[in-house]
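One structure, as structure tokens, below. Some questions next.
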Amino acid sequence: EIEYDLDLEGDGNAAIYHTVYMLMCQEQHLPCSYPANPAYFIIQNFGYGLDTLTQNSGLWPVGTMHNASGIYAGSGGVMDTPGWVYIYIYSFGGGDHEYEMNITFTPMSEMEGGAQNDANCGCDAGPGGATATHVNNFLNQSQADLLANNSTLAWEGWNMANLDSTDRFSFDVPAMSGVEITLSPGDDRPDVWMILDVYDTSWTQTALVTYMDPIVYNTSSVASQFDTWMGIGVRNWGTYDTVGTDYTVSVQFYTLDADGDGWMDSTELECGTDPNDPNSTPTDTDGDGICDAIDEDIDGDGIGNDVDEMPLDENGSADMDGDGIDDSMDPDMDGDGWLNIAEVICLGELSYADMDANVTPSDYDGDGLCDITSDSDTEHTLASTYLDYDGDDDGTDDETDAFDFDACADTDTDHDGMPDSVDTTDADNDSVADCVTDLIADDDDDGDGYNDTYEIDCGSDPLDAGPGEGTQPVDSSPDGGDGLCDALDPDDDNDGYDDDVDLFPSDSTEWVDADGDGQGDNRDMDDDNDGWWDSCDLADWIAAQDAAVVEGVNYFATADTMASTCPAQVDAFPNDATEWIDTDGDGTGDNADVNDDGDMDALNNDWTDAEEIACGSDPLDANDVPADNDADGICDTTDTDDDGDGTPDELDAFPMDNLEVADLDGDNIGDAEDDDDDGDGWSDLDEPNCGTDANDGFSVPSDNDGDGICDAVDSDDDNDGYDDGSDSFPNDPNEHADLDMDGQGDNADSDDDGDGWLDVDELICANLGGLGDPRVASEMPADTDWIPGPDGEMGTSDDIEQGDGICDAKDKDDDGDGYPDPANPNNPTGDEDRYPNDHTEWFDANNDGQGDNAVPTTLIDNINADPAPYVGILVVVGAMGYGLVQMSRRAGGEAEYEGEDYTEEFEEFDFEDEEADDSDSDDEDNEED
């Protein structure tokens, strides 16, 4: 306890206001100051005109809970460490003054209630949040058990109004739990008020309860989905409490989450889910612990649902086009298919087209680039990315395109509004031009009156109207032209001879000059200038003279008045100085004629004189024609392929047969006709299907069954009537099935089903009424024989069941015990086995239904079963007895045996029946032997 006594030395001036703070400091990370750090406990006095002040701190608290950083004492926080005191004295309203302060320290051991053990901490619970005792750190075993088993935390404490008025505690609160706090003053309490304060994790008071009797504080307001803690304060209110009061605090925890799904029941009711069903949980999109049903900001982005266009997206709140992408991130926020930046560039920033889906750029050619308009921002750094500088996508920039928005045309040379040309391409050949337009191509691009096509054909420029050379077509026909330019006019001088053969294209009276003497043949009487007149006809002579006169001299270089003198012979070729004879009359002189006699080959081509000489025929005799087997115009003498089949005669096995070339097997049948080229006996058509070479006599198909159908295509290779697909032995005609799949066909296999029983045995056993089926492995004959075990004796417990290979239906001794099965099971006789299926039993001498091995027989049973041997024994015994009697009598001992009579047993025994049984037994033994 700290007590200060402040003497203001009689200053009691009513005009002076004094305030004195005593700040009780702990070892913490926060500076001990007021009011910056209210976690420290403060006691203050204040007022006007004070003279003396006395203040008692009460019990000095030590740090037992956590330091200012929130670290629990048990986890490294400051605990049980000394503290210190700051005393602040403030005054105003007067001058300087002096004071005297005395401080007294009183140990707790000398004070009432000094040695305290609040909540088992071994200390006094501090009065402030920083000095509170954390109850869970000091639980004894019984407290821990009570908490674990009854969800109840209980502890005791002590306080006193004028000394230790306040105790603060903190305790853990499990997730999803409410608490019911009960403060019970002790029985020895005075008549004082007890105050219960309840705090949250920030030591903010959430409740205050005052009462003289036990106090119950029920709260769920501090409940959390996560583990937390809460604090309480216990105050003793009353200055007349001078003896102290003990008390008990009980905290009852109860669940606020009945189904344990992490959501409080009350919250689930608000959220519309079932608080008793762990599978029914509220949806909480932003994970803020408030379900979407009542969360005013579902996505937790700070924008209320009522104004948030994207209430489920924490990264966005505005979504103009409703595409789920926030406008700030949406490259096309109005959802019109045009990027925001594109619309700004195409239509200008002031158009606000990027925010209006009804305003979009035009795109004539549909290439995704907008058409340039007067509003387009052509100076933008991305203009080339979004503006279309070829609006109709015809490959011509709009700057030079006469028809910006018509991809079918781009040029108008004469500016008459008609394009020089229109694209008529038909790439898909559907007879409809790919490019559709209303424009009509201009057929006179330069507007000079001449059709463009005509100008092109005439060699003039269709795009230049002139004047100037080459700008318009030239027509040099007489009399002002014929309307056809020279370039197109085949007869410029209109003399009837095309210019390409007219030696005088500009002279309508001449066109030929056979001898090249510069004089047209119309005037020249010796056109070939060979000295042979072209004609001896006077009219021709006169016509020649009238045709033209050059300075008074005719074309014969004679005076015009000179008479004609015709030579003796007329030239067959008056215009050819190199020819004068034509043997075949074909109009070609023999000197130049390559076929003088005019004979033709099969192709109606000339047999030239050179060919006829090489072929051995007469080039001047039309009836003497070279031989030509293939009628290819090459005589056989020189033809390297006489039959014309493409194979040289030297390689052709049939040089005169154009249908055959080779004979692979040498059978004088050409391979084309031969259906077995390699002569291996297999058709050329079959061998490819069989996987062999039709041209290799050593490559022969496999034919397992020799039926003429190769195995590759034969569905039954062994010809046994079973298709290979179902034949287990497709190459064995004697087998087709293998029931037990042992690799041996059933026909040869003596045990088809592989059950270890021969088929014949199984059939015999089945026919005898037993089990067995040679086609079903699971149905085998019964074979229940046994053999002696290690003890070597039959009928003992170590016998071993081991079949003898003979089925029971056939076996004379089914159980293998050495006794034959009865011929008549209802009446076994002799040594026949009375238990043919039990290897441990075979005889029942007394016919009691129990085998003699299990129930041994008596002597009487044995005699009843077989009296014969016993009768003999009795006879012998009787004889011996008789002898003894006689001997005794002779010896004088008759009296000793005189009273004995041994005939009773023999009289009672039925020898007749036993003899019959013995006889039967003997018969059976003989039969068995």
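In case you wondered, yes, glycine gets a Cβ from its N, Cα and C as well.
Relevant sequence annotations retrieved from TrEMBL are reproduced here:
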- 265-286: region 'Disordered' (REGION)
- 408-527: region 'Disordered' (REGION)
- 440-449: compositional bias 'Acidic residues' (COMPBIAS)
- 488-502: compositional bias 'Acidic residues' (COMPBIAS)
- 510-527: compositional bias 'Acidic residues' (COMPBIAS)
- 615-854: region 'Disordered' (REGION)
- 627-652: compositional bias 'Acidic residues' (COMPBIAS)
- 660-687: compositional bias 'Acidic residues' (COMPBIAS)
- 704-726: compositional bias 'Acidic residues' (COMPBIAS)
- 740-762: compositional bias 'Acidic residues' (COMPBIAS)
- 819-828: compositional bias 'Low complexity' (COMPBIAS)
- 831-842: compositional bias 'Basic and acidic residues' (COMPBIAS)
- 890-929: region 'Disordered' (REGION)
- 895-929: compositional bias 'Acidic residues' (COMPBIAS)
Who are the chain neighbours of the compositional bias 'Acidic residues' (440-449) in space, where the CB to CB distance is under 8 Å and they lie at least 6 residues beyond its ends?
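Here the qualifying positions are 409, 412-414, 416, 418-422, 455, 461-466, 471-472.
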Given a Cβ distance threshold of under 8 angstroms, which distant residues of the chain, six or more beyond its ends, lie next to the compositional bias 'Basic and acidic residues' (831-842)?
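Distant contacts of the compositional bias 'Basic and acidic residues' (831-842): 784-786, 794-796, 799, 801, 813-823, 825, 851-854, 921, 924-925, 928.
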DSSP says what for the compositional bias 'Low complexity' (819-828): how many helix, strand, coil residues?
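Across the compositional bias 'Low complexity' (819-828), DSSP assigns the residues as follows: 0 helix, 0 strand, 10 coil.
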What is the three-state DSSP composition of the region 'Disordered' (408-527), stated as helix, strand and coil residue counts?
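Secondary-structure composition of the region 'Disordered' (408-527): 7 helix, 0 strand, 113 coil.
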Kindly report the helix/strand/coil residue split of the compositional bias 'Acidic residues' (627-652) according to DSSP, in that order.
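The composition, in the requested order, is 0 helix, 0 strand, 26 coil.
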